[in-house]
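Features as listed in TrEMBL:
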TRANSMEM  B:16-35  transmembrane segment
TRANSMEM  B:42-62  transmembrane segment
TRANSMEM  B:97-117  transmembrane segment
TRANSMEM  B:129-148  transmembrane segment
TRANSMEM  B:189-215  transmembrane segment
TRANSMEM  B:236-257  transmembrane segment
TRANSMEM  B:269-296  transmembrane segment
TRANSMEM  B:308-328  transmembrane segment
Amino acid sequence: MSTRTSPARDYIFFAIFSVAVLTMPIWLEPIGAGYPDLLQKFAIFGLFATGFNILFGLTGYLSFGHAAFLGVGSYTAVWTFKLLGMNPIPAVIMAIIASGIFALAIGYVSLRRSGIYFSILTLAFAQMSYNLAYSVLTPITNGETGLRVLRSDPRLFDGNGGQEGPLIANLFGVEMTGWGGFYFCAIILLIGFFIAQRIFRSPFGIMLRAVKTNQNRMTYTGLNPRPYTLAAFVISGMYAGLAGALMCITDPLAGAERMQWTASGEVVLMTILGGAGTLLGPIFGAALIKYFENIFSAFNEQTLHEIFSFLPDFIEGPVISVAGLFVGEGWHLTLGVLFMLIVIFLPGGLMEGVSRIGKLFKRSSGKSEPNRATAPAE
Amino acid sequence: MDVIILQLLNGLDKGGAYALIALGLTLIFGTLGVVNFAHGALFMLGAFCAVTFNKLLSLEIVTTDPTKTTAWGTPLEIRTPYIEAYLGDFGNWVLNYSVPVSILLAIPVMLLFGFIMERGLIKHFYNRAHADQILVTFGLAIVLQEIIKSIFGANPIPQTAPDAVRGAADIGAALGMDPGVIVYPYWRMVYLAFAGAIIAAVFAFLQFTTFGMVVRAGMADRHTVGLLGINIERRFTIVFAIAAVVAGLAGVMYTPILPPDYHMGMDFLVLSFVVVVVGGMGSLPGAVAAGFLLGILQSFASMNEIKAILPGIDQIIIYLVAVVILLVRPRGLLGRKGVMEN
């Protein structure tokens with residue numbers, strides 16, 4: 001896919017993508033996704049997955065602990081609110097710095113190993129942070145209750161207790177809920193996407209791909225892969241921290257549960273569902289998963305009944321009880337099944353599926369390119 | 001001194017569970033070269049075999065006794081489990097011993113499940129990247145966990161140990177110390193003995209049978225064994241099933257210690273991976289030793305005296321040990337040189 005790129009193409013692509021993201025409220029309206037809370041999630045998790053993809057998609061290092069950075073970003077953002085005031089800009093900056101430092105420390109240790117050891121090390125660090133957030137660090141994280149902004153907090157720049165109404169982030173008067181929040185997240189997503197695109201096209205990105213393709217050969221060429229992978233790890237940690245900060249900007253509450261390994265698993269799934277190593281795939285995957293999560297978990301017996309009412313009664317009963325396993329509370333089951341199906345049948349994710357279909361059409365029109373079929377999927 | 005013995009004992013039973021799970025993980029990894037993230041789910045399935053067995057046995061007949069009435073004036077209901085009604089005292093005995101007896105149910109179930117899982121899923125992942133193996137087994141673990149959750153609910157289901165071993169032994173008194181200082185439940189001793197027996201059985205099986213010899217040869221050099229005309233894949237499938245049984249039995253016997261719930265598998269899995277890594281990837285004695293070692297370390301770290309100096313250490317000790325080990329001695333405590341060092 002990277003064979004047919006040029007700067008001009010990239011800018012056009014980015015422009016189309018920007019228009020698509022900013023007009024999401026309009027074109028997602030017909031499928032029932034055109035409301036701000038869900039679109040905020042699309043943008044936030046899209047950003048999270050984009051960052052994860054810089055590490056996993058480019059270098060092939062599978063981190064199972066990225067949720068820890070999300071949590072660090074969240075806590076930092078809420079603390080910035082508490083100390084400096086409800087403006088999201090300092091929160092975003094502080095969250096990026098804090099998660100970057102955190103990622104540097106964890107990455108420095110974890111990246112000494114590769115393969116499965118790396119996965120286990122990151123998992124161990126994430127579990128460690130999660131356990132600490134729940135127990136000893138309660139003064140900082142407020143444990144199970146979750147950290148929130150209180151009226152009694154100092155908030156240096158917007159004063160203490162002066163204003164009425166709920167405490168929500170506002171950017172120079174624009175409240176960061178609803179559409180305001182969505183456009184804030186969307187613009188940050190676009191910035192993040194642009195940076196990711198530049199990384200993909202840069203010599204640095206090529207180096208990262210070299211790490212994935214053959215690390216030994218890279219070492220023999222006289223290049224030390226460690227600084228490159230560490231940089232990728234820190235960058236993707238910063239993306240995760242940024243996503244965590246955005247979560248708190250749209251809803252100023254940080255809880256430890258978003259650091260759990262299931263959250264790390266979710267971002268892995270988003271990335272591979274869309275297609276690891278592709279630019280658009282992870283964002284696409286994140287949006288799909290959040291969309292279906294939203295739809296499926298709202299289902300209950302009653303809605304299922306309406307959907308399957310065309311079936312005769314004796315079939316309808318069993319069908320509903322089986323389908324009932326997968327919706328509502330059982331949404332995670334659907335997620336697990338989806339996970340397995342994607343890994344088994346479509347390891348390259350949906351983007352690979354799209355390109356396969358595209359190739360199919362090309363072949364039928366007589367312009368087949370046999371060499372490209374054997375090239376490894378990125 | 002007495003505190004040390006007490007913590008040592010407390011660590012042993014948890015260490016036993018870690019050792020059994022890690023043993024299975026290492027077996028699978030050593031033979032098939034597959035990283036099985038669903039192994040914790042197998043442990044959980046075993047535990048729920050015990051729950052299912054107990055539930056089946058406790059199905060009750062409700063009869064009414066017209067001669068007696070309750071405080072509300074309705075006829076007294078007498079509930080008798082079916083098994084007691086039909087089999088009398090023996091039925092009662094089975095009900096009492098439902099946890100150990102459910103091993104009889106767990107062995108075939110886990111064997112079958114392990115077999116199907118290997119043939120149906122793992123087989124296709126021998127030659128794929130480790131990341132793919134991790135992801136697909138991770139997905140399977142979620143699926144199993146959610147199925148159990150939808151059947152048994154999200155709350156832990158307590159299981160009781162048989163009456164005969166329900167109490168606790170005053171070990172301190174037996175060793176000539178003050179009574180009441182070192183009190184250790186009988187069931188944990190049973191678990192410890194059980195774990196020891198299973199571990200010994202697995203090692204004996206690998207060491208003294210022809211089958212075990214072939215498996216060990218296959219672990220060392222799979223290709224050559226295949227060239228000798230031995231169907232190594234079939235043996236490895238059986239090894240996978242055995243590993244599943246070991247994890248399942250560890251789960252069955254652990255139910256009286258920890259009431260099983262749907263996410264117990266994942267909780268144990270993360271720790272068991274750490275155990276495998278500390279022990280040395282591919283080293284069976286390493287897995288067992290590290291299992292007990294980490295169980296004991298964890299129990300020492302949860303002592304109040306230590307927590308007072310280093311708060312929160314009990315939560316992170318295992319991970320800390322793993323990090324230090326991986327950095328200082330990457331191949332683990334007993335790992336062989338060159339086995340999965342990258």
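Quick reminder: no glycine exception, Cβ is built from N, Cα and C everywhere.
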Quick tally over B:16-35, B:97-117, B:129-148, B:236-257, B:269-296 of CB pairs under 8 Å to the transmembrane segment (B:308-328) gives the top stretch as B:269-296
Ranking B:97-117, B:236-257, B:269-296 by Cβ pairs under 8 Å to the transmembrane segment (B:16-35) puts first B:269-296
Counting only residues at least 6 beyond its ends, the same-chain positions whose CB falls under 8 A of a CB in the transmembrane segment (B:236-257) are 13, 16-17, 20-21, 23-25, 27-28, 31-32, 39, 42-51, 99-100, 102-103, 106-107, 109-111, 113-115, 117-119, 122-123, 159-161, 187-188, 190-191, 194-195, 198, 202, 205, 211, 215, 218
Sequence-distant contacts of the transmembrane segment (B:42-62), meaning Cβ under 8 Å and at least 6 residues beyond its ends, amount to 17, 21, 24, 77-83, 85, 94-95, 98-99, 101-102, 105-106, 109-110, 113-114, 144-145, 148, 152, 157, 159, 244, 247-252, 254-255, 260, 262, 264-265, 268-269
Outside the transmembrane segment (B:97-117), at least 6 residues beyond either end, the same-chain residues with a Cβ under 8 Å of its Cβ set are 38, 42, 45-46, 49-50, 52-54, 57, 140, 159-162, 237, 240-245, 247-249, 251-253, 255-256
